[in-house]
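Student: Below you'll find the structure I mean.
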Amino acid sequence: MAVLELYTQYNRVWIPDAEHVWKSAEILRDFHSGDNVLDLLLEDGTEYRFPVDPSKPQLPPLRNPDILVGENDLTALSYLHEPAVLHNLKVRFVESRIIYTYCGIILVAVNPYKQLPVYGDAIIHAYSGQNMGDMDPHIFAVAEEAYKQMARNHKNQSIIVSGESGAGKTVSARYAMRYFAVVSKSGSQTRVEDKVLASNPITEAIGNAKTTRNDNSSRFGKYTEISFDRRYRIIGANMRTYLLEKSRVVFQADNERNYHIFYQMCSSANLPEFKNLRLLTADKFRYTCMGGDTTIEGVDDKKDMEETRRTFSLLGLKEAFQLDVFRVLAAILHLGNVEIRSSGDDRSSVPPGDPHLAVFCELLGVSADGLVRWLCHRRIVLVAETVVKPVPRERAVNARDALAKQIYAHLFDCIINRINAALQVPGKQHAFIGVLDIYGFETFDINSFEQFCINYANEKLQQQFNLHVFKLEQEEYMKEDIPWTLIDFYDNQPVIDLIEAKMGILDLLDEECLFPQGTDQSWLQKLYNYLDTNPLFEKPRLSNEAFVIQHFADKVEYQCRGFLEKNRDALYEELVDLMRGSEFPFLANFFQEEERNTATSKTVKVRPARPSVKPANKQLRTSVGDKFHSSLSLLMETLNATTPHYVRCIKPNDEKLPFEYDSGRVVQQLRACGVLETIRISAQSYPSRWTYIEFYSRYSILMSHLEADLNDKKQTCKNVLQRLIQDSNQYKFGRTKIFFRAGQVAYLEKLRLDRLRGACVTIQKHVRGWSQRRRYLAVRQAAIILQQYIRGKRTIRKTVSATTLKQGWAAVVIQRYWRGYRVRQVYHVVRLASITIQAFTRGWMARKRYKKMLKEHKALVLQKYARAWLARRRFQTMRRLVLNVQLSYRVQQLRKKVEEQNKENRGLMERLTSLANSHSQTVDRLQGLEAKLEKSSNQKASLEAREKKAKEDASLVSIEVNAQSFIQFVNIFNEVKTLKEEIKRLKEERVSLQRKIEEGEQLNADLQEQVIQLTKHVKAIPELRRDLNNLQNQKNNMDRKMKQQSEQAKSTIFLLFYSSEVLENHQREQKERYDTQVEGLTLKVDHLQNENSKLQNLFQEKSNVNENIHQEVSRLSSENSIIPELKLQVSELQRQKQELEGLVEEQNRELAGISEDFSFFVRQSHHEGHLHIGILLVLLLFSSCHPKEKDKEITNTLHRRITEESTQPKQASPSAIPKDYLGMLEYKREDEPRLIQNIVLDLKPKGVVVNMIPGLPAYILFMCVRHADYLNDEMKLKSLMNAIIGGIKKVIMVRLILSLLNTTDIFMFQSYHKDFEFTPRQIKNCLKNFDLSEHRQILSDLAIHIYHQFITTMEKALTPAIVPGMLEHESLQGISSMKPTGFRKRSSSVYEDSETYTISSILQQLTVFHSTMNHHGMDQGLVRQAIKQLFFLIGATTLNNIMLRKDMCSCRKGMQIRCNISYLEEWLKEKELQSSNAIDTLRPLSQAAWLLQVNKSTDDDAKDIAEKCTELNPVQIVKILNSYTPIDDFEKRVTSSFVRKVQGLLQDHEGSTQLMLDTDYHFQVMFPFCSSSQALELLQVPNSLHLDFLNRI
């Protein structure tokens, strides 16, 4: 389509304007070929006739449709020209408050002069990993693209930040480096990324200054290489600087300042470490007060000084180095205050008492006399002699300033070198990203050598930029198989040759600097002579001290004054030698290094014929221009070896006002930075590029039904385009995209708008016709009715007369009376009927009330009996419960009494043992006495034999025998006395034992252990009976032996009467004592029998209560469904009742037998005189019941038999197994690794786990823990718990959900501790001996960690689908929100095999998560918390992308989002998860979608927004309003005044000021305690787990 055809009515154009550069106008009439004027209507309502040359028409540029205005990428505009770019930037900057815009490969950054909340860490993480173009333009997007290309292509990258002073270059470069520091953490202890960021405050302090255009202007160029290792983490950095503005040290223009570091030092002069520097305030030093005001509004120099020193320390620069730096800087300030006076006759001098001179010399360690001499004198070397010549004051001042500049330049280089050394860390560099912060094109009223070098550098950068843009265009065309045609673009190589070529400006400047008498004027004359024929070089008409160069951006006039001096950068050699000999090593090294550098630069040495004389000015030294050319060439080599990324910073106004847009200043910078050149190159080819899907979705309205029915959308697009645009040269079909020439997209938009306008007109036509027809029919019907009444009235008037009136009146009277009569007749009939009806009705109502009262009376009776029955039932139930409680309490008391009785029995046993021992000792003594008696009888027999032999000596022999018997009797009497004392001592011990027994009875508390022991002892009674029989046999044998011994002892006792009498007395006393003891034991036995009888009665009563309970349960079972747990409890109670009854009966029998045997043995022992045998028997009986260490054989035998009984159930029949299992699993210590390996490490989420009950591993492990607790084995328990925790930690990342379930289950099981209050069944499973609170805390922390890992894993799986599914996918068919995408979308292709996510993908993923959690038996409380966390992630991620994507802020997108939210809400209802409050986490997103849809024009709309958007903070609301983008021309943009209204209403709102939601935020997890219904004693261990080594107890 021809361009002239687009100049039709209602289209808009741009016309030049002196104030705004360009202004908009609307075409009033179509323009035709041959017209000499274009009729326009300006925005202010005035008409304007734009003149046009018919022979060669130069029409004004067309304006883009409103749909394309405000695009993220300028190349997406259909008309690519200067006014379109200028207007698009203005709309984005002023109305939308967006400072970043793409222009092809360039990021245009407009300085807002205001801090914006778009640089936080949340923004960095939002851009991390995103493709360029998926998000709104941002410096972070450029940094991410550079980082991604470095990692993907393994190629070095560069980010070139340029712009004029005050445009924000330094800040942009700083944010780019901050992005790399955040996304590529080094992970080392050196924290290199922090050091890289810390270098910025230092370089800004020593290299930045306030200018008329910027308060923090960089006065040097900086290229920072950030090094990365193979894992793309920062390992170091290196900084290169270019062209420091040294002249600022000694001179500043009005309203400008010196470098920041000087003012920071002066503001901190009162610090103790600065006392010896003798600093004054900044207004007292000449070098810091030239510009006037020494302060900057909003800047605290003292605080900045603290930050500078802190960053010095962070970089590892020691305090001594910092003090040396400050010492040199202070000396420079004092040097500027050295006063140089004129002494006449071209002489100068310094006052001898100048205090600043003394301070300077003291600080730098130089001679004051030498400094004064060589400041005011100059040494001239002639052929035969050397002459010292005084210099005038002006040259002396220049020498002083040159010295100050040279010292500062050396100090600057030294600090940069030390920073580079600090930023180097061990490690090999794999790749780097360079950030170039360099000055942009500059043109001032007076341009000097610095501007010349700056513009020269920008010429080189612009050439590199043009070649790169040309290369990218060529690659894009080749990728899409588009025929490549040569594009004419501006090549600035001639300008570069003019500056740097042989006999160019720099070459002539260096040549002139070689001549001692060379001047700026002579050099300028050479330029005129040699370069006069160059078209890019001009001589000003009105000046002979300047020259003009035609740069790529603009013509610049340079003043030649000072070019030679600045290029030489000369300093008298005498001053250099003076500084080199300084006693301050830090300063001396500066000039020593300069000497070494100069020496190494000379490669050819020629021996002169006569002694050489040092040249005074080091004229062979490299000039500043040559140095700059070399460093610039090195920079260009570096940039050419990397992939560049461009950031162009624009200064919107010179007054530094926030969001104020000066079109004149902006267009000047756009021309200078190459943005318009990029637009021009793009416009010459095919600037607009749409994918086939985008084109199909946008322009399907232009397709016919036949074209829309084709399945091949690509072919459909081709057919439509060939029909709509006849000129095939206006577009090209690529593999994945359609390329349009400039203006064609606008033409298609016009066609689309015309079609929509036509459709709207058609709809309006039919609606208006229907409305008018409806209105016409209503009016017609009203007219007909009016006609009827009017015609009737006319007829009446024609027929009315006096007679007719009388007749009519009479008829009326007759009618009145007749009608009255008829009415009265009807009234009487109706009244009679009414009375009849009322009578029947009242009777019916009375009968109804009577029946109702009767029913209510019966109901009251029924209620009375029912309530009585219910009250009795509740009373019986309560009575049963009370009886159960009483029974339980009595059983506990009974058990306590039984235990107390057992303790008393044990005390009696101990006492009997001691008495038996004493009795055995007594028996031994008696046996000894018997032996003595036998000996005495033998002696008596021998005496009788002697008597036979010698009767005569009988009397004498009798006397001797009697004497011996008396002696023996005395001995026996003494022994008896000793025994009495022994008995007395035993009685005292008995009293003490009784006292101890009473104390022991008060200390008994452990009821559970006592019942278990009593049960065990009762079970052991049959074995004790057998032992009792054996003991009885042994007793009989001992009785027989004692009888024999007694018969043998009778004869001896008869002979020893006195001894026998004493022994009888002793035995009588023992008998009485033993009878007392036996009587006490008998009473104890009787007491036990009474207690057992009471216990039996209680159990009988309990059996009756259980029988009632059983009947009640049977009745409830018949009325309701059977409750399994209640039946289990009833069966358990019945089983316990039967067991306890059997135990009581058996105990009664055994106790009765024991008492009978005990009485029999006591009686028998008493009759036979062998009481000690009975005592021993009682001792043995009680020892069998309560084994002690003394009775080793009996105790070992009993333990062996008890162990056999405990292991006997393992050999029982399977039907008896559940009755005897205790819910424990026994294992050996050596099997512990196998247990952990099988149950924790090797357990897979598929296969075996699918078929077993949820949490089975936790049940098994808890049963093992219970067994260790039951054995009271602390080492085993701790070892098992540590192994469990270690095993879970190993498999956390492999099997998250199993680890979470088992960990939480184990944590819950270990909460069953005796210190908690639980149900009886839970108390049964409690641990008895150990407190696992420490392990519970570890398991709790581990469970929380696993839960967060589980959530993180689900979030990683869900995150890729959130943005495509919630935002990009169009869930509502027929509502398209696609717009032109521009250059940044070119890399993505819709035909690539990439997964497409929809809202269904999100729902499917959520369903998978939910079913997996339910399948593994996760607690529903945890499931709800996990789903809530996932919904928060969906809402936060979606909202964050809305904040960072202007293309998503439209009314139609709001409809799509609300539709998707409804799908999520339906999913929650389907899964019955409404109680999780997950939908509440989507409220901010829902309100954002509502905000996109609601009207945004009136004051009421603003109030509604302020009242209803409660979940969004003011920053987010304003961001959405500013980013709102209409999709069609029928929608209206949000005006700035409306945004300000909303801001005013939101001023009082409190809340966060963050733009982004924290997607890493996790709600606090709560693990609900849920008791398990699984009976551990009924749990079966599957064979598939290979746990055969576990034994059920």
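Quick reminder: no glycine exception, Cβ is built from N, Cα and C everywhere.
Note that the coordinates shown come from a computational prediction; the quantities given were computed from them, not determined experimentally.
Marked as domain 'Myosin motor' by TrEMBL: 69-753. The ATP binding site annotation in TrEMBL covers Gly163, Glu164, Ser165, Gly166, Ala167, Gly168, Lys169, Thr170. According to TrEMBL, the region 'Actin-binding' annotation covers 632-654. Per TrEMBL, the feature coiled coil maps to 884-1157. Annotation source TrEMBL lists domain 'Dilute' at 1282-1548.
Help me understand the surroundings of these features in the structure.
Tutor: Looking just at the domain 'Myosin motor' (69-753), the mean pLDDT is 84.
Residues near Lys169 (ATP binding site) in space but far in sequence (CB under 8 A, at least 6 apart, same chain), listed by position: Val161, Ser162, Gly163, Ser218, Asp437, Ile438, Tyr439, Gly440, Cys649.
Long-range contacts of the region 'Actin-binding' (632-654) within its own chain (CB-CB distance under 8 A, at least 6 residues past either end) are made by residues 89, 93, 103, 105-113, 139, 142, 145-146, 149, 153, 155-169, 172, 176, 213, 223, 240, 242, 434, 436, 440, 456-457, 460-461, 464-465, 468, 660-662, 665-666, 669-670, 673-675.
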Student: Same-chain residues six or more away whose CB lies under 8 A from the CB of Gly168 (ATP binding site)?
Tutor: Ala109, Asn111, Cys649, Lys651
Student: If I restrict to non-local contacts, at least six residues apart, and a C-beta distance under 8 angstroms, what lies near Thr170 (ATP binding site) in its own chain?
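Tutor: Counting only residues 6 or more apart in sequence, the Cβ neighbours of Thr170 (ATP binding site) under 8 Å are Asn200, Glu204, Asn208, Asn216, Ser218, Asp437.
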Student: Treating G and I as helix alongside H, and B as strand alongside E, what does DSSP give for the region 'Actin-binding' (632-654) in helix, strand and coil?
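Tutor: Output for the region 'Actin-binding' (632-654) reads 9 helix, 8 strand, 6 coil.
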Student: Taking the centroid of the Cβ atoms of Gly163, Glu164, Ser165, Gly166, Ala167, Gly168, Lys169, Thr170 (ATP site), which other same-chain residues have Cβ within 8 Å of it?
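Tutor: Nearby residues not in the site list: Asn111, Asn214, Ser217, Ser218, Gly440, Cys649, Lys651.
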Student: My understanding is the cutoff is Cβ-Cβ under 8 Å with a sequence separation of 6 or more in the same chain; which residues meet that for Glu164 (ATP binding site)?
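Tutor: Non-local contacts for Glu164 (ATP binding site): Arg213, Tyr439, Gly440, Phe441, Glu442, Cys649, Lys651, Gln669, Ala672.
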Student: Within the chain of Ser165 (ATP binding site), which residues six or more apart in sequence place their C-beta under 8 angstroms from its C-beta?
Tutor: Thr211, Arg213, Asn214, Ser217, Ser218, Tyr439, Glu442, Lys651
